[in-house]
Amino acid sequence: MGNSIIFSLDLFGTAVFAISGVLIASRRRMDLFGALVLACVTAIGGGTIRDMALGASPVFWVENGLYLWVILVASLSSVLLLNNFPTPPRWLLPVADAIGMAVFMAIGADKAYQYGAPMIVAVTMGVITACGGGMIRDVLANQVPLVLQREVYATACIVGGLVWVAALYLEFSVTIATSACILTALVIRLVAIRYHLSLPKLAKNR
Amino acid sequence: MGNSIIFSLDLFGTAVFAISGVLIASRRRMDLFGALVLACVTAIGGGTIRDMALGASPVFWVENGLYLWVILVASLSSVLLLNNFPTPPRWLLPVADAIGMAVFMAIGADKAYQYGAPMIVAVTMGVITACGGGMIRDVLANQVPLVLQREVYATACIVGGLVWVAALYLEFSVTIATSACILTALVIRLVAIRYHLSLPKLAKNR
Amino acid sequence: MGNSIIFSLDLFGTAVFAISGVLIASRRRMDLFGALVLACVTAIGGGTIRDMALGASPVFWVENGLYLWVILVASLSSVLLLNNFPTPPRWLLPVADAIGMAVFMAIGADKAYQYGAPMIVAVTMGVITACGGGMIRDVLANQVPLVLQREVYATACIVGGLVWVAALYLEFSVTIATSACILTALVIRLVAIRYHLSLPKLAKNR
């Protein structure tokens, strides 16, 4: 039952990330195919790198065609809606994206854990799952990935991952560790959005 | 026999894609190594992602060294020819590229099909095989991938893929499905080149 | 014993490449997370592509968490030092980077050889291991990879690889072939740094 909740959240995150890909494609004046590609890489790019690195083969979206269908429906709908409807309230997409990010973080760490990876690798895999797709999307749109430059996004992931590690060391169940990870990452991200928090830039080397 | 025709076309597409990598490298004033890298990623980048995602390991060009030899010969020859010969007729490279694209589409879909992937995954794998390498090439040359922005290129792939799916559902043989896929993608692409067709840009979101 | 020397050099190269990622992140005014990501991709990006292509799963840094710890310590230290210390002598980082490059070249070729890959594939895998991470770093920093444009960097790798192939054909032991490869690549690279050698740019095609 816990699994089916996670799976639903996973598909929800997939749809939201796909929409964020379509929005970037539209900003860069790409065509419909560009929208589909950016939707795909944003939604499944991170998990694909994770599975390839773990040796989970085939990768998750090859095994289960549902992911690509969700992306297809979500991105075609959002392309159609782009012009024809009033814009949604400003808070809607960032909040939906934060949920997707937190869920992807937990799913990525859990999957690495199941494959017996060390903790530092599991946290890294969570971050790759949550942030990797958006980074590839930004690279294809020819811009420095947003996540490398500003906003408390990856930081929320990492703190969520540390909570997850702590919970497992304290011998809580995986379900509790996963929930704690998702909640932590989500709350930090929402607080950061609400108060426009960002990390300081690095000192400039000479 | 059908297989050896496909294999020949595969090597032909590999050589043509390698040359297109060299041309972009030359436009960006890269050096010889840049030319080799762009030749490699254009020619085998898409198929590499496909094989990694399918869990076909090692990837095709590791198993068979011939692909790298073809790329090496094709790109060294075209570097030598760049300066010393009159430019080939304008239609030659786009037409050769269209053949390579159509063949790569069919090969990618077929390979995914052999690995038991769902149809939507197989079509996606065809598109990745045909378009992925060119996208990596453009990213390395620091430009938004052409295929995301203009021209009926990926669309030709996708329609070819749909014909392939239809043929398999109608229980034609794989050979016929493959041939129909290649012909469809090729004809659409050639018509698009001839009449300068392109997809409309997306509406710009606010 | 030879193995433990190679492993130490591998970790040394990992740390040096991580620091070069931090420096680029600092130049592009990224935040701490950007520094960590660029450190990771520079240090393990090339070997990751190599292992995925060879079908060595999971990839090396998943199996052994030490790589990520080295990157974490190296990049956090260099972020702290960026502001607070006098700059190190100008020659230090390029020389350290040259050692890392030469070692990664040999490790990559050796690993492919152990997996039974053809010689041309093994040399390519060495080049991917040595140059791939820096290329991904540059792409994330939104610039054309330096290695494609100037300096005798990849060329030093390739010549090292050819020496390695020659040594193996002449039936020297793997240890000797590896050492010859490292020394050759290192010397060529150091000479190129010292005398500012670079490859000529390609002729510009019309």
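Keep in mind that glycine also has a Cβ here, set from the backbone N, Cα and C atoms.
Note: TrEMBL annotation is automatic and uncurated.
Per TrEMBL, the feature domain 'Glycine transporter' maps to B:9-81, B:95-166. According to TrEMBL, the feature transmembrane segment maps to B:6-25, B:32-54, B:66-84, B:91-109, B:115-140, B:152-170, B:176-197.
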If I count Cβ-Cβ pairs under 8 A between the transmembrane segment (B:152-170) and each of B:6-25, B:32-54, B:66-84, B:115-140, B:176-197, which range comes out on top?
B:176-197
Distant-in-sequence neighbours of the transmembrane segment (B:6-25), which means Cβ under 8 A and at least six residues beyond its ends
34-35, 37-44, 66-67, 70-71, 73-75, 78-79, 82, 93, 96-97, 99-101, 103-104, 106-107, 133-134, 137-138, 141, 178, 182
Given the transmembrane segment (B:91-109), which of the listed stretches B:32-54, B:66-84, B:115-140, B:176-197 has the most Cβ pairs that are under 8 Å apart from it?
B:176-197
Which bits of the chain, at least 6 residues beyond where the transmembrane segment (B:115-140) starts or stops, bring a Cβ under 8 A of a Cβ in it?
17, 20-21, 24, 37-38, 41-47, 49-50, 53-56, 101-102, 104-109, 146-148, 153-154, 157-158, 160-162, 164-165, 168, 181, 185
Quick test of the contact rule: Cβ under 8 Å, at least six residues beyond the ends. What residues does that give for the transmembrane segment (B:32-54)?
13-15, 17-22, 24-26, 60-61, 67-68, 70-72, 74-75, 79, 104, 107-108, 111-112, 115, 117, 125, 128-137, 140-141
The domain 'Glycine transporter' (B:95-166), counted residue by residue under DSSP: helix, strand, coil
58 helix, 0 strand, 14 coil
